[in-house]
């Protein structure tokens, strides 16, 4: 199924003209509004989930393990994205036209792609760190929190470079076919525009996908071999309990990674197909709009999947909460027990135990 974008693209209007950014959507408004309401709700969910995850990492030092540093940075960028791209696209979709002019469009698209690029690289960092620890357990101390912080900052900086390239002339940020969300220009057939699409597909999607599949496969196979050796009575670098814990952590990483791939793959395929077909025979605007919005909702799926599958997160968070509640209860009981003694001392009477009051 294809769509001729020439029928809805008004080439007489320049992006410098304010009317270019205020045109209504060319497709039926009702499904666009429904998606807009969903995006506004997703924005609130993303703020709560990413905020809770980020707060937990900052509040509880036990959670700031080297591998979790990458997840912490994903949560931080996801929190910012939930406060920006989802409300901008959601409110514009409810009104069936883009509401924030050119600057808002460029800002929204830049943050969306910064989150997508950063998340793919940071998830690679998580998988590579766990793979290194399993493959070389005697050198696990080489994977430190400080190194992971540096790698995360470098990964985000590289992603930022890729996302500002459209602002300096390699492709551009513009409205999508539905005219209620923004992304890079994927329907222009000029060489500089098509080459950027291929560049993004390879560097931001294909290479990270290969790294994620390869490292997680090696990690699972390494854990499986260690488990078999233990069952055979052969001593390994990790004991059975540690292997079981590492397996749960790796499964959590894999599930979170699959959620990211599942949300961004339809959009990546849309880019790849559009790079070949151009505006005359591209995918329908509603299809590309739904793929774009589905990709943007990864800001809520990643923290939800991590929180629900990470036993390490649940263990530390729940036990810390229980510990604090027990400490508060002990303090309250101490106040209640020592209250009568303190009263007697203030009144000049000898302190007595509760058992001797009778």
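Note: Cβ is positioned from N, Cα and C throughout, glycine not excepted.
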- Message: Can you identify, from 223-248, 249-274, the stretch that TrEMBL calls transmembrane segment?
- Response: 249-274
- Task: Look up transmembrane segment in TrEMBL and report which of 6-26, 69-89 it refers to.
- Result: 69-89
- Out of 34-57, 322-345, which range is noted as transmembrane segment by TrEMBL? 34-57
- Item | Matching range for TrEMBL feature annotation, transmembrane segment, among 171-195, 196-220 | 196-220
- Item | Touch test for the transmembrane segment (109-128) and the transmembrane segment (34-57), at least 3 Cβ pairs under 8 Å | no
- the transmembrane segment (149-170): which same-chain residues, six or more beyond its ends, come within Cβ distance under 8 Å? 69-70, 73, 77, 106, 109-110, 113-114, 117-118, 121-122, 124-125, 184-185, 192, 195-196, 200, 203-204
- Task: Give me the mean pLDDT over the domain 'G-protein coupled receptors family 1 profile' (49-306), rounded to a whole number.
- Result: 84
